[in-house]
Amino acid sequence: MMIMQYIYPFTAIVGQEKMKKALILNAINPKIGGVLIRGEKGTAKSTAVRALADLLPEIEIVEGCPFNCDPNGNLCDICKEKKKRGELKTTKKKMKVVNLPIGATEDRVIGTLDIEKAIKEGIKALEPGILAEANRNILYIDEVNLLDDHIIDVLLDAAAMGWNIIEREGVKIKHPSRFILVGTMNPEEGELRPQILDRFGLMVDVEGLNDVKDRVEVIKRVEEFNENPEAFYKKFEEEQNKLRERIIKARELLNKVEISDDLLEFISKVCIELGIQTNRADITVVRTAKALAAYNGRTYVTIDDVKEAMELALPHRMRRKPFEPPQLNKEKLEQMINEFKQQNNKDNEEKEEHKDDDVKKNMMK
């Protein structure tokens, strides 16, 4: 008899709205580049990550593929051959959280390769690593700041390209590796280098709840869940289903979302004004703003989408002094947004005036 294991529902997490939003946006568009969650222990970081995996819809995979290949997307060499022969069978499975141990070696992460066998058999000679297991799942790194920098680079390269590439003695093997990357850390235990910080799409600082009612609600919900997980899960089932459907619809809408040239120029202008050198910042803001628009059921990006995206994508890319926490110059950002809105309103008024003039001219003809 199989015992059902219930995960604490995502929609039952009290507070931490910014963290939850950052996770949802990455679920809508993994190309955002993951999220770094900074905060002390006991602030629902790992609970939210596991709850997200349980919340997300099932994925379609190639049956028996060690890399969870998407039958409608990028395929490994084995699946390509199966597709050519018309033997590509598919199945569905739940997404899962793949944990990366702090002491993981490079071989454990990217996989091990038998060179002699690889020359003859190609990808079949690969002993899959964590990046194979993580493909189309959630890769979770707790205490990412304690991980070896080289391992972080390997992970972030794979996350950016969507492929894990293994090169040994002139032999090159690759397989799809696109995942939702989530790193958590306690800043009191050490910071990440700016070069590494920049590679994470979004960053969120989480703190303990300071509202008495919220803290009491957490106690009640955790006790209720521990006492009867099934009943508690069913209590939030409707909310879970609604959020799941909203994410599915946002994914479908994402490619239809457009952003105006005015907003693109504004994003780049803000990044320059704030002294952010990397172009990755601009690109991440655009991708995040589009995901926000899709999440809100729109096919166009607004200035409010851009503002919210900047609050998630820019703080960790700001220049700062040693031991100074990452933070965004909110006053400067607010000022620039107000200036943009005023200019936009002025431009719209001028357009309306020109329209009125054209109407009058046509009436006089």
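Glycine is no exception: its Cβ is also placed from the backbone N, Cα and C atoms.
Features as listed in Swiss-Prot:
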{"type": "BINDING", "residues": "Glu40, Lys41, Gly42, Thr43, Ala44, Lys45, Ser46, Thr47", "note": "ATP binding site"}
{"type": "REGION", "residues": "340-365", "note": "region 'Disordered'"}
{"type": "COMPBIAS", "residues": "344-365", "note": "compositional bias 'Basic and acidic residues'"}
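Sequence-distant contacts of Lys45 (ATP binding site), defined as residues of its own chain at least six apart whose C-beta falls under 8 angstroms from its C-beta, comprise Met19, Ile37, Gly39, Thr184, Val206.
Under a cutoff of 8 A between CB atoms, and with a sequence separation of 6+ in the same chain, the neighbours of Thr47 (ATP binding site) are Tyr8, Ile13. The most densely surrounded of the binding-site residues Lys41, Thr43 is Thr43 (count of other Cβ atoms within 10 A of its Cβ). Counting only residues at least six positions away in the same chain, the Cβ atoms of Gly208 sit under 8 Å from the Cβ of Gly42 (ATP binding site). For Ala44 (ATP binding site), the Cβ neighbour count at a 10 Å cut-off comes to 21, with all displayed protein chains included. Counting every protein chain shown, the number of other Cβ atoms lying within 10 Å of the Cβ of Glu40 (ATP binding site) is 13. Here the Cβ of Ser46 (ATP binding site) has 17 other Cβ atoms within 10 Å, regardless of which shown protein chain they belong to.
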